[in-house]
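Data block below; observations after.
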Amino acid sequence: MNSVLQSARRIVIKVGSAIVTNDGRGLDHTALANWSYQIAQLMAMGKEVVLVSSGAVAEGMQRLGWEQRPSSIHELQAAAAVGQMGLVHAYETSFRAHQIGTAQVLLTHDDLADRTRYLNALSTLRTLLSLKIVPIINENDTVVTDEIRFGDNDTLGALVTNLIEADVFVILTDQSGLYTADPRVDKTATLVSEAQAGDINLEKMAGGAGTGISRGGMLTKILAAKRAARSGAHTIIASGREANVLLRLAQGERIGTQLITTSTPLSARKTWLADHLQVRGKLIIDNGAALAISNEGKSLLPIGVTAIEGDFARGEVVACVTTEGKVIARGLVNYAANEACKIIGLATNQIETTLGYIDDVELIHRDNLVRLN
Ligand SMILES: Nc1ncnc2c1ncn2[C@@H]1O[C@H](COP(=O)(O)OP(=O)(O)O)[C@@H](O)[C@H]1O
Ligand SMILES: N[C@@H](CCC(=O)OP(=O)(O)O)C(=O)O
């Protein structure tokens, strides 16, 4: 099978801290110029490209003369704010050399979790692509705290892939792809050239980050590929240092690890629901409800719920969790927590008599429910 990049029309490319920043010593301008050249060529082939780039914290540290990645969140935020200037300036300069404009897009998890902001981000990105501008996306580190962050740019890249319904998500890093074990630790590890995105065995192979400046490591890349597969995107993990890696992939050459999806893509709305990294509460469901949701794609009725956790409002996203603690689905709940706890365990015909009114017979309607595996 040829590289899936060959036939892809819309692509998200993520470049990690490990390669943007010359092992944490400021930006690698030669590498940036190189990727910009290759992306310009992909665009000349008629492909649309969105770039997710890390490197703000590393560049900020360099500009501030800090040797170690700071541990305080405020110093990290300050470094990111300083470094983001250098990062976008470097991309703008290197793309200008190919007569291509760039746009800075900084996102937080909240931006994509809120339906209206999500749709706004989508329209902006679509408009930029139609104008042949390359959006350069990073997390808006200056305003995020641990509770509301994507955490790493692999996850952000997957969410952007789902947002714009890209065909392929390319993750460029400092290794040649996914190995059977972390090659820094296990010298006998071999490259996995192709696998199914979402294959649970891949998660056992993947370890943590390789450099002090990077965040995710290989595991977040594997999980990001699983996420991107929900909207139908294939993922390629390859070395950003491989000569002309993007051009060769676009010509069909197989480089790195190709993670393929064959499952039917979820609708955009269900992908959006699945991509909520945080939920407002949990509904603990019995085995009957779990089977009805997982096997038959049914709605969740109050009678199948045994307990409620969290304080949520009507319309917020909650997780459906089995009594063994497994999250099997996620959806938009029809009743606020204080009302929901009065009707759980009750038959449908008891809802109105208990609450004095009835909005919906379902706690979560199947159209607003996405199954997770
Ligand atoms: N199974 C594996 N195959 C390849 N790399 C792995 C694996 N497990 C862990 N790693 C580590 O993941 C690192 C890449 O992730 P990371 O350091 O977060 O880079 P980036 O900044 O590009 O996201 C590699 O340098 C490697 O040490
Ligand atoms: N937003 C951070 C990204 C950190 C990050 O996610 O790094 P990585 O997953 O190693 O590419 C920055 O620009 O420094």
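Any Cβ shown, glycine's included, is placed from N, Cα and C.
Now, the feature entries from TrEMBL:
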BINDING   Lys14, Thr173, Asp174  ATP binding site
BINDING   Ser54, Asp141, Asn153  substrate binding site
DOMAIN    281-358  domain 'PUA'
Long-range Cβ list for Lys14 (ATP binding site), cut-off under 8 Å, min separation 6+ in sequence, same chain only, gives Leu51, Val52, Ser53, Ser54, Asn153, Asp154, Leu156, Gly157, Phe169, Val170, Ile171, Leu172
If we take the residues Lys14, Thr173, Asp174 that the record assigns to ATP, their largest CA-CA distance in Å comes out at 12
Same-chain shell around ATP excluding Lys14, Thr173, Asp174, C-beta within 8 angstroms of the CB centroid, reads Val15, Gly16, Ala18, Ile19, Ile171, Leu172, Gln175, Lys221, Ile237, Ser239, Gly240
Within 10 Å, the Cβ with the most other Cβ atoms among the binding-site residues Asp141, Asp174 is that of Asp141
Filtered by Cβ distance under 6 Å to ligand 2, the binding-site residues Lys14, Thr173, Asp174 reduce to none
Expressed in angstrom and rounded to a whole number, the substrate site built from Ser54, Asp141, Asn153 spans a maximum Cα-Cα distance of 11
Candidates Lys14, Asp141, Asn153, Thr173, Asp174 (binding-site residues) with CB under 6 Å from ligand 1, in sequence order, are Thr173, Asp174
Cβ proximity for Thr173 (ATP binding site), under 8 A, sequence spacing 6+, ordered by residue number, returns Gly16, Ala18, Ile19, Lys221, Ile237, Ala238, Ser239, Gly240
What DSSP reports for the domain 'PUA' (281-358) is 28 helix, 23 strand, 27 coil
The number of other Cβ atoms within 10 Å of the Cβ of Asn153 (substrate binding site), counted over all protein chains shown, is 28
Asp141 (substrate binding site) to Asp174 (ATP binding site), Cα to Cα, whole Å, comes out at 23
